Amino acid sequence: MENKALLKSEGLIRALCFVLSCITALVMCLNAQTKTVFFVQNKATPKDIHALWILGMVASAAAAYHLLHLFKCFYFQFVARKLIPSNKSIAWFCFLLDQGVTYVLFSATMAALQGSLIAVTGVGSFQWSKVCNIYTRFCVQVGGSLICGIAASLAMAVVSSLSAYRLFRLYPSVARSASPRRWRCWALL
């Protein structure tokens, strides 16, 4: 019964990860704004800052990954109606994939955040001017996408901890008490 509750909570959190990753990818990749500056029409897109475009691609891959795992949770919860097979190699594989997707999305989000801070503040020594005072709607949408990316990373950390719990539950627990042999060694000292 504990396994079914764990599966249900994992499915809910994976659904949250899927939604947040989809919002991050859609808002980031579909974001564009055109402005006329000094009689020249310029367009701001996420491809202008490569970290933003990479975040969109990573978030869409993470959303697809969590959608596949959501189907797995749905299958074992409603269709199979039996316990999930306990296989250490499959548990390790899922754990490492969960960790990898979590770290990749988190690092892509932080890189996009750093690129966005340069767009907000500018860098005077490199003569990079601020662009968010020109493309305000674009920058606000990037900010919303970054917030969703950070929330998705945090939710994925919870999924990774559930995956770790499921993995390390397969190993036998070590007795917490000291063996009598250890006590004899200590008594000789």
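Glycine too: its Cβ is placed from the backbone N, Cα and C atoms.
Taken verbatim from TrEMBL:
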type	residues	note
DOMAIN	7-154	domain 'Casparian strip membrane protein'
TRANSMEM	12-33	transmembrane segment
TRANSMEM	53-78	transmembrane segment
TRANSMEM	90-114	transmembrane segment
TRANSMEM	134-159	transmembrane segment
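For the transmembrane segment (134-159), the residues of the chain that approach it from at least six positions outside its boundaries are 10, 13-14, 16-17, 20-21, 23-24, 27-28, 31-33, 35, 37, 44, 46, 52, 55, 59, 62, 66, 98, 101-102, 105-106, 108-109, 112-113, 116, 119-120, judged by C-beta separation under 8 angstroms.
For the domain 'Casparian strip membrane protein' (7-154), residue counts in helix, strand and coil come to 112 helix, 12 strand, 24 coil, using DSSP.
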